Structures are given as structure tokens and as C-alpha cells.
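Feature annotations, reproduced from Swiss-Prot:
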type     : residues               : note
TOPO_DOM : 1-6                    : topological domain 'Cytoplasmic'
TRANSMEM : 7-27                   : transmembrane segment
TOPO_DOM : 28-46                  : topological domain 'Extracellular'
TRANSMEM : 47-67                  : transmembrane segment
TOPO_DOM : 68-80                  : topological domain 'Cytoplasmic'
TRANSMEM : 81-101                 : transmembrane segment
TRANSMEM : 105-125                : transmembrane segment
TOPO_DOM : 126-130                : topological domain 'Cytoplasmic'
TRANSMEM : 131-151                : transmembrane segment
TOPO_DOM : 152-164                : topological domain 'Extracellular'
TRANSMEM : 165-185                : transmembrane segment
TOPO_DOM : 186-236                : topological domain 'Cytoplasmic'
TRANSMEM : 237-257                : transmembrane segment
BINDING  : Gln246, Gln247, Trp399 : D-glucose binding site
TOPO_DOM : 258-272                : topological domain 'Extracellular'
CARBOHYD : Asn270                 : N-linked glycosylation site
TRANSMEM : 273-293                : transmembrane segment
TOPO_DOM : 294-301                : topological domain 'Cytoplasmic'
TRANSMEM : 302-322                : transmembrane segment
TOPO_DOM : 323-376                : topological domain 'Extracellular'
CARBOHYD : Asn341                 : N-linked glycosylation site
TRANSMEM : 377-397                : transmembrane segment
TOPO_DOM : 398-422                : topological domain 'Cytoplasmic'
TRANSMEM : 423-443                : transmembrane segment
TRANSMEM : 444-464                : transmembrane segment
TOPO_DOM : 465-513                : topological domain 'Cytoplasmic'
Amino acid sequence: MGCSVLLLTITVSTLGGLVFGYELGIISGALPQLQTHFSLGCVQQEAVVSALLIGSLFASIIGGWLIDRHGRRTSILLSNLLILAGSVILTTGTSFFALVIGRAVIGFAMTVSSMSCCIFVSEMVTPERRGLMVTLYEVGITVGILIAYAVNYIFNNVPLTGWRYMFGFAIIPSLIQLASIVLLPKQAEVFVIHDDDSRQADRLTEETETSNQHQQSEKYGVSDLFKSKDNMRRRTVIGVGLVLSQQFTGQPNVLFYASTILFSVGFQSNASAILASVGFGIVKVIATLLAMLCSDRAGRRSLLIGGCSMLAVGLILTGFLCRQSVIDTTKRCTSVGPHSNLTLSAEHDEGVGFSSQTLDVHEHLRSFSQSEDIYKWIIFTCLMAVVSAFSVSFGPMTWVVLSEIFPKDIRGRAFSFINCFNVGANLIVSFSFLSIIDVIGLSGVFLMYGVVGIAGVVFIYLVLPETKGKSLQDIDRELSQTRMIHRQELCSIFQRRRFSPGYQRVQLTSTAT
């Protein structure tokens, strides 16, 4: 019984991640067609992209209450039905307003599903498997993104209706997930999957009893997230800091505007830009699988620090390379045609303005075409490194940590509260991306993201404890009793250096003989 419930749980969670990733990635290829079909301007394009996040923000506000009140399974079921409804609205939509409504409905459903699946799986498995199983959700997301990019490429050349097929394809995995949810027992949340080893089973039983006693004697409200009680304020700081670092390193824009970014750095057709974005999807899948295998070995903290460091380096290199390349342009959004504002060919140079170049475009492109081609592939390689670093670190590990650091009876509401910051930051980053490029150029945007990545490394080192191999009760107990250990260690190092005796000049005197 336990194994069958576990398999169904994994199936539901992974399919939820797949649909989540698909909806994140599909807009990248659909946006150029939507821009042409509906004559969308810059703000309208950003609105279609960000409508997903507006729905997600609303879900973050009420989703925690929904999960804690009605259970994880019911929440997943509701989100699945809403995704089906949103997909139908998008597939049959005939106006800009319908696109925004459909994307908002799907955004609400995706967020409820994301929170429910991560919490559900974390409560179902043993500590030794928790990192692996929760990371499976992120694997589903990356596979969904890869499928979305592939579908974008397939339907890119379908005139007029290609974007409808792109949005409608999400119905297939949603129906499969719906069937899996129906088969999942209603009381699956009360099952705990035991290891074959009897001592492990006994330990889990004891921890379950301890957890029940703890819930009876200790109840939390949302206001407790801001109090020093059981170090809840510290846990909230950890969660908020992780999601803000995750979003302000610009990863959402690499997903939402992948084709736009690749087009702007030299992939001079929609098809080539979309095909190159498939490479992002492949790298994300491979890197996430690596994180899944290493999360319970290397640990959450190590993967976050290492991945975020690599992320920062990749972003800064991309920024400098864009600045050196003649491709570093400021954008002027138009609704003439897909990516017409980014075209670098000599035939369409009238709409392109260079942020720091005043040379004639025709002569410049003829003189440096080979150099541009080299820059294009180096930048593409750096972006691949950025995508893989994110997929090893922030992508899966943020949600693993968030599912572990809060007590069970407030976990849903805490997850929801933290996700409000996650979605809010995502909304700011995504909605302002094209406008910021107009002001500081593509290189400035990536350099800014790189600085945030460096700050993220420092934050993780100072405040995040390692949680690998620990039960949820052990993590709760440790966080309730300890402060920011790594910050104290760092301060002690500086204090030792400050008060330790420095070098002293020794004067040697010679005595006359």
C-alpha cells in the first residue's frame, strides 16, 4: 500500500511540475506570434507575460489557507481543473483580454499546485529520500520547459494558429495528472512511507507521534512568522531571502524572453532563436537531474552556494560580453512584426538604436560579422552556464529548503507567505525587463543581475543551515534553538584578526665588544 501511494504521489507531483514548466516556457515562442496576430505593443507583451504572475500572486495570498484547510490532495485537484479551464480560454481566445484572463487563471492554478505538491511530497517520504523526491518536481518543471521549447519550434512556422496549438498542448499532461489524482487515496496525507529497515520505521513512527504531540501543544498563526518565538522570524528571513535572490538574478526573464534575448544577441531569425532556446531546456533537464542526485549527498547549502557563485560569474561575463559586442542594443518595442525591433540585418536597420555605437550599421556589420558570430556563441555558452547553475541551485533547492524549515501546522501558510514575495519579485522582474533594456541596454541588465547573485552567495553563507539527512522534526528543533551560526563564526574571525597582536617592529641593537 505504501509503495503504490508513493508512486502515485510522485506521478502527480512530477506531472504538476511538468505542466508548471510548460506554461512557463511556452510563452517564449508564442509571444512573437501573439505580437503579430494581436498587434501587441511593448506594455501589452509584458502584460501577457506577467498575467501569469498576477494570478500566481493571488494564489500565494489565499493558497496557504486553502492547503491547510482542505488538504494537499484537494488543492492539487482544484489546480488541475483550473489549468484545464485556462488552457481552453487561451486556445480559443480571440482578444488581448482573453489572453490575459487565461494566463491569470493558469498562474493561479500553477502556484497552488506548486505549493501543494512540494509540501505533499516532503511529508510523505523519509529524510534520506526527501531531497530526491521534492527535486523530482523541479525535474518535471525542467522537462516541461524543454517540451515547451520543442513545441514552440514545431509550431513556429504554422501561420495564424500556431500559438493556439502551443497553448492547447498543455491539456494533455493536465488530463493525465487528473486521472492520477482520482486514483490517489483521499487520506494519502496520513500515510508515511517507511524504509525497509525496521529501525528506520520505528524512528519514523516515534517522530510522527512526537509531531502529533507538538501540534497539540503548539499552534502557530501567520503573525508568528514575524516573531522571535522558536526563531520563526529567522526562518522567514531565510525563505524571503532565498526567493528574492532567486528572482532578482533574472532567471524568469531567461525563460519568458528566451527567444527575444537570443534574437538580440545575434540569432537573426525566430526559428534559430527558438531552436537555440531548446538548448536551454536540455541543459536545465541535465542540471536538475544532477541536483536531484546530489541534493541528499552534497547538501542543500553546498549546492546553493556553489550554484549561485557560478550563476553570478556567468551573468557578469554575459554583461561584459554584451557590452563589447556591437549587438548590445537598446530596444524600441513595436507591433510591426515579431522581433522587428531587434532585427540586426542590414535590410531592417532603421528601427535599431545602439546604446554606445554611432557607426554606420551596414559598414559595422560587414567589418565585424565574424567577430559578432564569435561573440554570439560565447554569450550563448555563458547563458547556458547561467541556466545550468540556476537549475542546480535555486531551481530545486529553494523549494526543498522551504518545505523543510517551517513547522507542519503552519507550513502551508508559511509557504504561501514566502511565495507572495517570490511571485511579487518575479512580476517586477518580468514586467520591467523590456523597459529596462530600453534604458541601460542588455549588458547593463545582466551586470545588475550578477551583482544580485554575489549578494545571494553572501546571504546563503551567513544564514542558511544544512538540512540534508535530517528529519523534519530535527530541523524544526535545531532552528528553534540556534541562531545564525555562520554569521557568528564570520564575526569571530574578524574579531580575532582585530584584537590579535599585529606585526611589531623589532629593533636590534648591537653591543660594542
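Placement of Cβ uses the backbone N, Cα and C atoms for every residue, glycine included.
Here the Cβ of Trp399 (D-glucose binding site) has 29 other Cβ atoms within 10 Å, regardless of which shown protein chain they belong to. When secondary structure is read from DSSP and collapsed to three states, Gln247 (D-glucose binding site) falls in the helix class. Between the transmembrane segment (81-101) and the stretches 165-185, 273-293, 302-322, it is 165-185 that has the most C-beta pairs under 8 angstroms.
Counting Cβ pairs under 8 Å to the transmembrane segment (273-293), the top-ranked stretch among 131-151, 165-185, 237-257 is 131-151. In summary, the transmembrane segment (377-397) lies against the transmembrane segment (237-257): three or more C-beta pairs, each 6 or more positions apart in sequence, are under 8 Å.
Secondary structure from DSSP puts Trp399 (D-glucose binding site) in a helix. Note on the topological domain 'Cytoplasmic' (294-301): its mean pLDDT in the predicted model is 79. One way to see the shell of the D-glucose site is to take the Cβ centroid of Gln246, Gln247, Trp399; the remaining same-chain residues with a Cβ within 8 Å of it are Leu242, Val243, Ser245, Gln251, Phe394, Gly395, Thr398, Asn422. Same-chain residues lying 6+ beyond the ends of the transmembrane segment (7-27) with a Cβ under 8 Å from its Cβ atoms: 48-49, 52, 76, 79-80, 83, 103, 106-107, 110, 113-114, 116-118, 120-121, 124, 133, 136-149, 151-152, 166-167, 169-170, 173-174, 176-177, 180-181, 183-184, 188, 255-256, 258, 281.
Largest Cα-to-Cα span within the D-glucose-binding set Gln246, Gln247, Trp399: 13 Å. Residue counts of the topological domain 'Cytoplasmic' (294-301) by helix, strand and coil are 3 helix, 0 strand, 5 coil (DSSP-based).
Counting same-chain residues at least six beyond the ends of the topological domain 'Cytoplasmic' (68-80), those with a Cβ under 8 angstroms from any Cβ of the stretch are 12, 16, 109-110, 112-113, 115-117, 119-120, 123, 174, 177-178, 181, 184, 186, 188-189, 409-413. Counting residue by residue with DSSP, the topological domain 'Extracellular' (28-46) contains 15 helix, 0 strand, 4 coil.
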